[in-house]
Amino acid sequence: MSRIDSLRQLTESVFVRLFSYAPHAAIQAPGRVNLIGEHTDYNDGFVLPCAIDYQTVVSAAVRQDGIVRVVAVDFDNQQDEFDLAKEIVPHPDYTWANYIRGTVKFLQARGLPITGMDIVVSGNVPSGAGLSSSASLEVAIGQTFKELNNLDISQLDVALNGQQAENDFVGCSCGIMDQFISAQGRVGQALLIDCRSLEGRSVRMLDGVDVLIVNSNVRRGLVDSEYNTRRQQCESAARHFNVKALRDVSLAQFEAGIEGLDPVAVRRARHVITENRRTLEAADALARQDAHRLFTLMAESHVSMRDDFEITVPPIDALVDLIQEYVGERGGVRMTGGGFGGCIVALIPSALTDEVKQVIEREYPARTGLQPSIYLCQASGGAGRVS
């Protein structure tokens with residue numbers, strides 16, 4: 001049985017057991033991995049993620065009143081209940097419930113004709129690994145209301161609604177990438193997203209190449225404060241160049257105009273400006289199935305994150321190095337996500353995948369004392385009904 005089928009079966013059986021009737025539908029929304037384009041989203045730049053076949057699954061049924069009942073299987077079947085006729089406020093105890101409450105609150109604020117709902121939710125997107133389990137949950141809930149209430153909204157609207165829930169209700173400042181790719185991913189494709197215009201262009205993934213995600217399992221401290229610091233440094237660099245965002249500075253303009261800019265801000269800006277170029281070039285390399293060029297760009301991206309943006313940590317660098325040493329020019333590897341721990345993403349020829357997994361399981365603990373978690377993924381479709 002596939003992972004998604006087992007999630008569907010689990011949520012349906014819990015639904016029937018707790019609510020004593022059968023759900024009307026099962027809806028899924030995937031997590032994601034970003035192949036290249038790191039810390040570019042809030043600089044109005046470009047990102048190149050793909051949805052992955054790790055998902056949040058919702059079994060749900062429409063109610064005839066305004067009550068929303070939610071059961072979170074992954075939190076010991078904890079239950080939340082709220083009334084659409086009353087103001088939706090944060091849950092006093094359950095953090096998970098706020099992603100759902102926020103998503104529903106902003107659907108309502110859009111003036112959409114939503115009804116009460118019975119919902120059972122479970123997911124297998126690894127939490128806290130930078131694979132967007134929260135966006136997957138927000139999009140799954142938004143998609144559930146869209147499908148079961150026949151809402152006339154686009155997939156981009158579902159994504160924007162989820163982002164608004166995370167920013168303004170949960171209180172986490174995120175860009176649009178995570179919800180965008182969860183709502184609009186396509187099987188076998190990555191999506192080049194322009195974070196300013198919110199336009200996306202699908203590009204076919206490499207033939208015969210697996211997506212390997214490895215969680216370093218580094219305990220991530222300082223992520224939020226360092227993230228905010230990087231963001232402020234990028235904004236001050238944009239002001240120095242008198243532009244709205246670093247997306248508007250070419251490499252030539254940057255090199256000609258860095259006099260008077262703080263040396264740290266110089267490094268931060270150089271990462272963003274070169275990373276945007278690399279991301280656009282990576283999409284073109286994918287489009288022409290140029291694996292060698294894509295792998296080179298991934299390696300350059302990692303060096304830039306390590307030396308200019310300074311968001312990697314020694315175990316992450318060790319993980320990237322040991323994979324790169326083994327695959328050489330046959331694969332690409334880089335840190336992915338916000339930094340200071342989290343995951344690496346590797347594109348590995350399918351014939352080498354088992355060997356690479358064995359190398360990681362042997363070498364990573366020997367070099368770092370940490371145990372890796374390895375996820376073999378396929379580029380998957382965005383949110384929708386589970387058929």
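Each Cβ is built from the backbone N, Cα and C atoms, and glycine gets one as well.
Here is what TrEMBL says about this protein:
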ACT_SITE  D178  active site, proton acceptor
BINDING   E38, H39, T40, D41, Y227  substrate binding site
BINDING   G128, A129, G130, L131, S132, S133, S134  ATP binding site
BINDING   S134, E166  Mg(2+) binding site
DOMAIN    15-61  domain 'Galactokinase N-terminal'
DOMAIN    98-185  domain 'GHMP kinase N-terminal'
DOMAIN    283-364  domain 'GHMP kinase C-terminal'
SITE      R32  site 'Transition state stabilizer'
Near-site residues: substrate, ref E38, H39, T40, D41, Y227, CB cutoff 8 A to centroid: G37, Y42, N43, G45, V47, G175, R230, V272, E275, G338
Cβ-based neighbourhood (8 Å from the centroid) of the ATP site, residues G128, A129, G130, L131, S132, S133, S134 excluded: G31, V125, P126, S127, G337
D178 (active site, proton acceptor): nearby binding-site residues from L131, S132, S133, S134, E166, Cα cut-off 10 Å: L131, S132, S133, S134
Minimum Cα separation from R32 (site 'Transition state stabilizer'), reported as the residue among binding-site residues H39, T40, G128, L131 that achieves it: L131
Least buried by Cβ count (within 10 Å) of the binding-site residues T40, S132, S133, S134: S133
Residues E38, H39, T40, D41, Y227 [recorded substrate binders]: greatest CA to CA distance in Å: 12
The domain 'Galactokinase N-terminal' (15-61) - residue tally per DSSP class, helix then strand then coil: 8 helix, 25 strand, 14 coil
C-alpha spacing of S134 (ATP binding site) relative to D41 (substrate binding site), in angstrom: 17
DSSP residue counts for the domain 'GHMP kinase C-terminal' (283-364), split into helix, strand and coil: 54 helix, 12 strand, 16 coil
